[in-house]
Amino acid sequence: RLKTPEIFGYKTQGCRKALCIAGYILSCGLLRLVFYWKPAWDVWANCIPCGLHEADVTLLRTTDEFQIYSRKKVTWISVSALNKFRPDYPIIADENSLINKAIMKPDLKVRCIQVQKIRYVWNNPEKQFQKVGSLEDSHTCSDIHTKFGSGLTREEQDTRRLICGPNAIDVQVLPIWKLLIKEVLNPFYVFQLFSVCLWFAEDYKEYATAIIVMSLLSIALTVYELRMQSLKLHRLVKSHNSVKVTVCRKKEGFQELASCQLVPGDVLALTGDKALMPCDAILIGGGCIVNESVLTGESIPVTKTQLPQADDGRPWRTRCAEDYRRHVLFCGTEVVQTRADGSGPARAVVLRTGFNTAKGDLVRSILYPKPMNFKLYRDALRFLMCLIAFATIGMIYAVCVFALNGEEAGEVVKKALDVITIAVPPALPAALATGIIYTQGRLKKKGIFCISPQRINVCGQLNLICFDKTGTLTEDGLDLWGVIAAEGNSFQKVHRFTSGRSLLWGPVCRAMVSCHSLLVLDGKIQGDPLDLKMFEATNWVKLCFIVVLILGKVPVEGIAVLHQFPFSSALQRMSVIAQEIGGEQQVFMKGAPETVAEFCRPETVPSSFARELQFYAAGGFRVIGLAYKILQAGKEAAGLTREEAESDLTFLGLLIMENRLKAETKPVLEELSAARIRSVMVTGDNIQTAVTVAKNAAMVSQTSQVILVEANELSGSPTASITWKLMEETKPKDYRDLVSASWPASRHEPGVGWSTYHFAMSGKSYQVIAQRFRHLLPKFLINGTIFARMSPAQKSNLVEEFQKLDYIVGMCGDGANDCGALKMAHAGISLSPQEASVASPFTSQTPSIECVPELIRQGRAALVTSFCMFKYMALYSTIQYLGILLLYWQLNSFGNYQFLFQDLAITTLIGATMSLNGAYPKLVPYRPPSQLISPPLLLSVVLNSLFSLCMQVFGFVMVQRQPWYAQHNIHSACGSGNESHVENSTSVAPTGFNGTENAALREGVDNGYRSYENTTVWLLSTMNCLLVALVFSKGKPFRQPVYTNYIFVLLLAVQLGVCIFFVFADNANLYSQMDLVCTPIFWRISMMLMLLVTFAISFVVEEAIIENRALWTLLKRCFRYQSKSLYKRLQRMLEQDSAWPPLNETVFSETRVIPMGESRAAYSNPVFESDATQGDAQDKAAAGPCFKDV
């Protein structure tokens, strides 16, 4: 069950609110801004705690690791104006309806809150907020037919509409001014505004203007992107809100109205025209054919059947079990064909409306994505806090120095605040964003589109990739290889379709002709590719519900399909009732061979069934079972239940389909294996086929053992069993001949692996283990490689379980049945451009898994670039910070143009070009670091800061000891020849900054900054910034070498040339403008030597210590450091456990059952599973998660 957030009730208190308003005024709005960033503080300051029943404000806190607070105001809905209700009668006909429980009498009001587009109303008897907008799950099949089959009254519709809200998936396009304000109130831009105001106060106009321009461009770009995304999403759902529908009203008949007026319980009339479903609805009459590609990614028509009327007291979803989705029409899907029944047109009861629907849930997953827990982003905040603490020390130092020297209070405050803007670089977020933008552009050139740029860095840490099989690892289409008919108690010879011989007419051929879900739409046969290949092999043609032969001779004119029991991945079968024209009625079944055999009379199933099935599955073939029976005369097809039709069948044989590996699959998986990235197969196919594909694709080496894990719930017992056994390795003699044409021989040698065995299990076994053997599940996942017959919900749950073991999980699928897992993974990569993958962070234009290693390469490069930028920006700030504090000792500082050159001409340009390095083409068998607070990175920053401090202090002290140095004469070093441009200014009075700024632009007049210490410290710190950029610009093994970044190298060369020119130019006008003074040639050369020595030491330390992987590995061993990741700890434990795995043993469970997904953390919204016909997340949401008082 999905976790709901904790909810706390609060009541607004007048005196508290008055004090807060006073605080807003006295702080000039700063307190209000803090409350905007921290809504919980706002509630705690303005309100007092109380029970939910009397609260006017609620505070919600997520129960995941993020603990995010959100403030929700309790609102009231009045229903008294609708009609005059009798107080002793229920307002809604259904007495058990939540709406009746929510309406307070006699006031006729409803309390509610809105959470992420979903409305929750206060259930008075149960004292909790519950979701409205859907029918209650407690209704039985009979209830739905009897209570809602004839429609709702007008009064009940109005009441439901008022309380549940309109049936609209409304994504508002926010006005540009709102987006602008929201972006400007970002803490980063608020800090920039503070910095800019301070710089203008200090007459530092040039850089302040440059920052304003860059910030405006950044804000404009962000607002534009947000606006475009909002418009795109608005257009996506716009059509949903403007559909005309026909509704049945009790005692009034059918009426037409806008879809936004639908309410749960309404009865829709579905005509024969194509139409988009505006809501989720349960089909109660007739039949429908629906295109669900919007939700599943597969343009395969799906047949929907009406809900049975049988009443056994169980809720309708429980009664229909996993197959209940075949009765549900999902919002956003297209009804392409309808079939009326005897009582009129096809009819459906509205189940869910608005954002409660399948499409609404998909849209909510985009509007409110799952927060990402990544160490880099967590550490970034800690890193900034450290810089702020560092700046605080500098502020205290500045206040002490200037206050003790008698400076004015205003100047002291400005200089103290200036330290913050120096120690905490305002350009840091922009520099980090630049690297992500470049990587996003490189991915786009490779045909990989990204809608969640912050996940690019996460891709650099991926160490486990889950792959779908069909359409992802193997070719999407299937080729019909052959059919093996069963006769008596044995199989006949294989009929190969490539032989050119037609299949003889008989039960097998009749099953292939009729047992499918193909449809004729717009004159073209459409449907499942497997069904299409099977039908085309018979040389028959389909005409609506009748199929006829176009070539050859058979003793029948055609076959009519009377009734269809559609395919379900949960049931793993489909059946039809068909009748030869002029002949008898027959039932045909097609599905997974093991499932089909269970419905056949034992004497009709060949004794070699299991051996034959394993033989072909081991060859990598897709095997389909066929069965049939002749119906007794007089039985009506429409009156048969599925259980009656699918009983006492005769086994017909096996249909063999060939599914080839994609050419790029094996090389990609070998590359991932060599890079120590686990590959896991998650498929809905047969387990033996999956194992064979895994071996041929090099996911499992040919020398590794595959252990089959089988878990079953014992019938008639509350316990379950689990068995481990080796997959049978013996193959028939002609195995090599059979598969030689299909699978190339694998030459894959055992690469880097975690063990010599791999677990394989089915979805059924996985579910039993997750529920009954929870303590063993992590052990299975450590070596679990093949998961077959997995439903969409199980795929999503598997990804989540891997994440709990501290794996960074990627999921690659073709968009069909994979949406839930794609959204759950750290990095979901969709190979399908369908709308189903709209919430997947990455979409590959080319349906090839080659995008996976490319994404990892680019992610690693982006991650390393982020670390490089963090280190560089930290060092740049530290270097400037240390230089300023040194000069503050003499009440001096850098001049405005000196700051401008460092900030704009050096750092801004380096920040824009350092990230241009491309990704290194080879994936190395280790990942880049994932956190900023790590010993190598911290040591690098600390050591380089010390090197810079030593160099600047050395230069600061040594220049004062030079024989030509004079504190109050800036021309003493170069003689009278250099004094002609400055008259009446032979002395410097560094007694403060008062009145000096306005004189800065007057040539020939000293502005108070010029001194030997200033010149020495500024030149050393400026060139040190350049050299640090070169040292920190990492190349191999994750990025291309620095010399391939031509723009960056050229820029560094030009910048270094300009700095050297400043050192040796001796140009009076230039020096005056840049606040430099002339020094002897010997001292200039000495400064260059200081820089050269510092650069050499920094480079050697960075390469020999910081980047020395072998050294850090040795240190870890010496200090016995071991990874804290849960999967690493489990691996070490299992290596020591000689009894694991217990082969050929059976273990029984305790009686306790743990519901699947009970620990799923998902406050933001329920994860919508990959296809609405198979996923169950939105149905869990429909169960009505509630908020109880905490």
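Using N, Cα and C of the backbone, Cβ positions are placed for all residues, glycine too.
Look at TrEMBL and you will find 131-204 tagged as domain 'Cation-transporting P-type ATPase N-terminal'. Mean pLDDT for the domain 'Cation-transporting P-type ATPase N-terminal' (131-204) in the predicted structure: 84.
The transmembrane segment annotation in TrEMBL covers 207-226 (among others).
Taking Cβ pairs closer than 8 Å, the transmembrane segment (380-404) reaches residues 411-412, 415-420, 422-424, 428, 870, 874, 877-878, 881, 884-885, 888-889, 891, 932-933 in its own chain, all 6 or more past its ends. If you look up TrEMBL, you'll see 380-404 (among others) marked as transmembrane segment.
Per TrEMBL, the feature transmembrane segment maps to 416-438 (among others).
Feature annotation from TrEMBL assigns transmembrane segment to 873-891 (among others). Residues 383, 387, 390-391, 394, 397-398, 401-402, 405, 407, 415, 418-419, 422-425, 427-428, 431, 902, 906-907, 911, 941, 944-945, 948-949, 952-953, 956, 990-993, 1011, 1013-1014, 1017-1018, 1020-1021, 1024-1025, 1028, 1032 of the same chain, all 6+ positions outside the transmembrane segment (873-891), place their C-beta atoms under 8 angstroms from a C-beta of that stretch.
The feature transmembrane segment is assigned by TrEMBL to 897-916 (among others).
Look at TrEMBL and you will find 937-959 (among others) tagged as transmembrane segment.
Annotation source TrEMBL lists transmembrane segment at 1015-1033 (among others).
Non-local neighbours of the transmembrane segment (1045-1065) in the same chain are 905-906, 909-910, 913-914, 916-917, 1019, 1022-1023, 1026, 1029-1030, 1033, 1071, 1074, 1076, 1081, 1084, 1087-1088; each lies 6+ residues outside the stretch with a CB under 8 Å from one of its CB atoms. What TrEMBL lists as transmembrane segment is 1045-1065 (among others).
According to TrEMBL, the feature transmembrane segment maps to 1081-1101 (among others). With a cut-off of 8 Å between Cβ atoms, the residues of this chain six or more beyond the transmembrane segment (1081-1101) that come close are 940, 943-944, 947-948, 950-951, 954-955, 958-959, 962, 973, 1016, 1019-1020, 1023-1024, 1027-1028, 1030-1031, 1060, 1063-1064.
When each of 207-226, 416-438, 937-959 is checked for Cβ pairs under 8 Å to the transmembrane segment (897-916), 416-438 comes out on top. Residues in the domain 'Cation-transporting P-type ATPase N-terminal' (131-204) partition by DSSP class (helix H, G, I; strand E, B; coil) as 43 helix, 3 strand, 28 coil.
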